[in-house]
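Look at TrEMBL and you will find 133 tagged as active site, proton donor/acceptor. Per TrEMBL, active site, schiff-base intermediate with substrate is recorded for 161. The pyruvate binding site annotation in TrEMBL covers 45, 203. The site 'Part of a proton relay during catalysis' annotation in TrEMBL covers 44, 107. If you look up TrEMBL, you'll see 49, 80, 84, 106 marked as site 'L-lysine inhibitor binding'.
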């Protein structure tokens, strides 16, 4: 079972915009060495929206290769066209992915019954476990707990990543979906409380740069040691806000570059590198978290 501290991994790129696989390998090793429980490759934070299908699958394949069975790799298979999501799913089904993470279709704003039809079609195209992903702040569609509950009856839909920040949903999802359905937080700012309320793990942006501290927080919360969980995140919790001073993954990619984790901070248009006005804020917050910058 996948649980605990999961990183929504950035996709490093060269100055010309091609994928920097040497930096990707360093990132995978960094997370293995710091105890991260699983990796999500090419999700939102991995710039899935600007990677064409062939490159998207190649990044997931390389992450699996570099992981070499030492850490589970979850591949992003979200798209706002069901046919495209199925095409991605077919391609990744040939890889040794532990699961796939599919964001709700964005921009076209499907109704709840459209979401059900979409996810059922994707799940039917593979035997690999599927994780639903609800992030209405980016997609403009909110997948309701009742919709998740209907989808939880599909045998290979095993989990939801819930990124609304609404902690009341943890109890409701658990009541509707049962104890065997996995609940992952997708909101760093409320992740500790999410786990304390019965969640199974966190798919995190901040985890890219503070994996050991984030792992300590998750482990403490999951074992019911609330005081230890609060203490573990004391130095890093300001990062949760700072890493969203501009659109994700702009700030976290800049921070990873300043740490020397990736060779370049390149990000693909229409996103651009972190505005200079936010450099001081992020550096100050990184210093508070005891992050060394180069």
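Cβ from N, Cα, C; glycine included.
Feature map: annotations from TrEMBL on the structure.
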residue : record                                               : Cβ within 10 Å
44      : site 'Part of a proton relay during catalysis'       : 25
45      : pyruvate binding site                                : 24
49      : site 'L-lysine inhibitor binding'                    : 17
80      : site 'L-lysine inhibitor binding'                    : 18
84      : site 'L-lysine inhibitor binding'                    : 14
106     : site 'L-lysine inhibitor binding'                    : 18
107     : site 'Part of a proton relay during catalysis'       : 8
133     : active site, proton donor/acceptor                   : 26
161     : active site, schiff-base intermediate with substrate : 27
203     : pyruvate binding site                                : 31
Closest of 45, 133, 161, 203 to residue 80 (site 'L-lysine inhibitor binding'), Cα positions, recorded positions only: 133
Assigned element (helix, strand, coil) containing residue 84 (site 'L-lysine inhibitor binding'), judged by DSSP: helix
Collapsed DSSP category at the residue listed as 'active site, schiff-base intermediate with substrate': strand
From 44, 49, 84, 106, 161, the recorded positions whose CA lies within 10 Å of that of residue 203 (pyruvate binding site): 161
Listed recorded positions among 84, 107, 133, 161 whose Cα sits within 10 Å of residue 49 (site 'L-lysine inhibitor binding'): none
Between residue 45 (pyruvate binding site) and the residue listed as 'active site, proton donor/acceptor', the C-alpha gap once rounded to whole angstrom: 13
Euclidean distance between Cα atoms of residue 106 (site 'L-lysine inhibitor binding') and residue 84 (site 'L-lysine inhibitor binding'), Å: 13
Candidate nearest the residue listed as 'active site, proton donor/acceptor' in space, where candidates are the recorded positions 44, 106, 107, 161 and distance is Cα-Cα: 161
Residue 107 (site 'Part of a proton relay during catalysis') in three-state DSSP notation: coil
